[in-house]
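Chemist: Feature list, courtesy of TrEMBL:
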type     : residues : note
REGION   : 1-120    : region 'Disordered'
COMPBIAS : 40-50    : compositional bias 'Low complexity'
DOMAIN   : 139-192  : domain 'Pre-mRNA processing factor 4 (PRP4)-like'
REPEAT   : 315-347  : repeat 'WD'
REPEAT   : 356-397  : repeat 'WD'
REPEAT   : 398-439  : repeat 'WD'
REPEAT   : 440-481  : repeat 'WD'
REPEAT   : 482-524  : repeat 'WD'
REPEAT   : 525-566  : repeat 'WD'
């Protein structure tokens, strides 16, 4: 039948009136005979299908919308209005929005409620962290302590470091800000700060008037004046000599250098002598070249006559190993440095003249000022010190290296001193003012040796990176890098008269001679069977002495048949 295929809603729309029993009558058209039969048969079959319609209305659930859990207020998240947690919630509420007459809602489960609470708690913690990071926290540790004190918190906890203390202050300020107390507290503290600052302005001005340096003694001032007078004369003489060589047509510097390099190239092993029962650590020629002094890890220094290398005397007195020895440039006195934290001054006969005490750790190298009046020592206490040779008084305690200071050398004019250390740094100091005039950075490992060139403007350094660097003091930068050895460079020295060549000693059991003109290798002195620890060059450049851990002293001299005389002022 056509009536069975029709929708009840459309039937109700077409009929002018709907009967309570579900029967439809057309009052204006009674002539059709089939309508009564249809109406009498349809009600029993249609009534069961229409009967379930009332339950979806669910009139007893009408008060459900008044329950608080079903109508949650919108949550604000990051400044945006959030009305639901997920897309599924929109989908569930969609039927209720599309049906205005329906007031049905879905009840949130316990798991969803706990998940929402956890999410809200995590968001609150996240916002708290953001707020804490946005707060201005002092970076100075003293300011952090002061702020903690004003906030009534402990300024430090057991085992707490600077960064941990700053993080604790940040979290405290964030907590107070969340409780609404930060602005009030900070206002009070700012007022207290302003009051305290106003009362201490005069005291701060007085503090700023103090010098930032440490004032030296009267003896140091006199020494600086004496060094300045001495260096001016020496520098003037050096410059006059350089001008004469430049302007005099009879002076041929290149020929002189070629001759000196040929002499250095002809050096051969002339003598080898056992110096001690323990490894040797240092050696030094006297100013006239008649004596050679050596130091040993046995704690004894020895004096040898030249050129036969015969022992003259022993210098006993140190309680630990002797690390270096140096002859005075003006007389036959010599100084030794030791691991017993002292330096000692000896006469050529072996008698003790002075003891220099003051270092807090073992000494490394030692050097005399060109005037012979002052002595410089380096130590593993990260300082180098200047001593008065006549009185034995410590004139200067100089810091500046972050690690142990190892090497030291004085400028030939006497105005500058260079120190090098295990911090891979070499520094140049002005003895007349006490200032650090240059910091020579370039070595990647500890610097162990340093030497000034007689020309006055070149400086050589050698270190554990197996290289020797040449520095130009005028340009304040590295001039040349010599890949000198296959092991660390333990000592480096310029030829003392003109600086035409320099010599490096290394733990690769060799010493090498390099041209000061183009820094090319001239000669390799091979013969030691262990690490070469130190070297020295005689004043005329005709002989080189090396000492080693193999306990031997080796002299490298020019063959007598190859010696040629040449006047060099």
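Placement of Cβ uses the backbone N, Cα and C atoms for every residue, glycine included.
Can you walk me through where each of these features ends up in the structure?
Modeler: Mean pLDDT, taken over the repeat 'WD' (315-347), works out to 94 on the 0 to 100 scale.
Beyond the ends of the repeat 'WD' (356-397), by six or more residues, the same chain brings 216-217, 219-220, 223, 226-227, 230, 234, 282, 320, 323-331, 335-345, 403-414, 417, 419, 421, 431, 434 to within a C-beta distance below 8 angstroms of the stretch.
Long-range Cβ contacts of the repeat 'WD' (440-481) within its own chain (Cβ-Cβ under 8 Å, at least 6 residues beyond either end) map to 235, 238, 242, 403, 406-413, 416, 418-428, 487-499, 502, 504-506, 514, 516, 519.
Proximity of distant same-chain residues to the repeat 'WD' (482-524), defined by a Cβ-Cβ separation under 8 Å and at least 6 residues beyond the stretch ends, is recorded for 256-257, 260-261, 264-265, 267, 445, 448-455, 458, 460-470, 530-537, 539-541, 544, 546, 548, 556, 568.
With DSSP states grouped into helix (H, G, I), strand (E, B) and coil, the repeat 'WD' (525-566) comes out at 3 helix, 21 strand, 18 coil.
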